[in-house]
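What Swiss-Prot lists as 5-phospho-alpha-D-ribose 1-diphosphate binding site is R37, G38, R69, D88, D89, L90, V91, D92, T93, G94, G95, T96. Taken from Swiss-Prot, the feature GMP binding site applies to R69, D92, T93, G94, G95, T96, W134, I135. Per Swiss-Prot, Mg(2+) binding site is recorded for D89, and the stated evidence type is sequence analysis. According to Swiss-Prot, the xanthine binding site annotation covers D92, I135. Per Swiss-Prot, guanine binding site is recorded for D92, I135.
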Amino acid sequence: MSEKYVVTWDMLQIHARKLASRLMPSEQWKGIIAVSRGGLVPGALLARELGIRHVDTVCISSYDHDNQRELKVLKRAEGDGEGFIVIDDLVDTGGTAVAIREMYPKAHFVTIFAKPAGRPLVDDYVIDIPQDTWIEQPWDMGVVFVPPISGR
């Protein structure tokens with residue numbers, strides 16, 4: 001990936017609230033299935049905004065920090081997804097999204113970010129990201145002291 005897109009906590013919350021507003025009325029949803037790990041924080045934000053208490057996970061591994069690798073389902077939520085929102089942080093090449101669609105064909109699949117290759121596989125998203133851009137999520141970064149340029 002040649003470019004990086006850094007997401008702050010504030011940006012993430014703003015984007016999640018925008019997505020939540022599109023998912024109203026909240027009474028239409030039985031619950032949320034968050035794709036672990038990228039969808040965990042966005043899933044918590046959606047659950048808060050929509051007042052949803054039923055939150056489950058589907059645990060899929062497809063990345064090793066910044067390298068995509070073979071897809072592995074570690075745990076899945078039961079059912080076909082009817083009445084559920086499935087949330088992930090982003091859709092990239094579409095590998096995870098295809099697996100989600102197969103597991104939960106009746107779910108409403110949403111992400112915060114979408115890259116061109118995976119965009120057709122989600123029902124809704126908030127931000128377009130170029131395909132060759134790596135997204136640095138706030139939960140993957142730490143806040144550190146940066147000394148002044150002058151050194152004083």
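Quick reminder: no glycine exception, Cβ is built from N, Cα and C everywhere.
Swiss-Prot feature annotations superimposed on the structure.
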residue	record	CB count, 10 Å
R37	5-phospho-alpha-D-ribose 1-diphosphate binding site	17
D89	5-phospho-alpha-D-ribose 1-diphosphate binding site	24
V91	5-phospho-alpha-D-ribose 1-diphosphate binding site	27
D92	GMP binding site	26
T93	5-phospho-alpha-D-ribose 1-diphosphate binding site	15
G94	GMP binding site	19
G95	5-phospho-alpha-D-ribose 1-diphosphate binding site	18
T96	GMP binding site	26
W134	GMP binding site	14
I135	GMP binding site	21
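Straight-line distance linking the Cα atoms of I135 (GMP binding site) and R37 (5-phospho-alpha-D-ribose 1-diphosphate binding site), rounded to a whole number, equals 14 Å.
With respect to their backbone Cα atoms, D92 (GMP binding site) and R37 (5-phospho-alpha-D-ribose 1-diphosphate binding site) stand 15 Å from each other. Under the three-state DSSP scheme, G95 (5-phospho-alpha-D-ribose 1-diphosphate binding site) falls in the helix class.
V91 (5-phospho-alpha-D-ribose 1-diphosphate binding site) sits 12 Å from W134 (GMP binding site), taking the CA atoms of both as reference points. Note: the CA-CA distance between G95 (5-phospho-alpha-D-ribose 1-diphosphate binding site) and W134 (GMP binding site) rounds to 16 Å. Cα spacing between R37 (5-phospho-alpha-D-ribose 1-diphosphate binding site) and T96 (GMP binding site): 12 Å, rounded to the nearest whole number.
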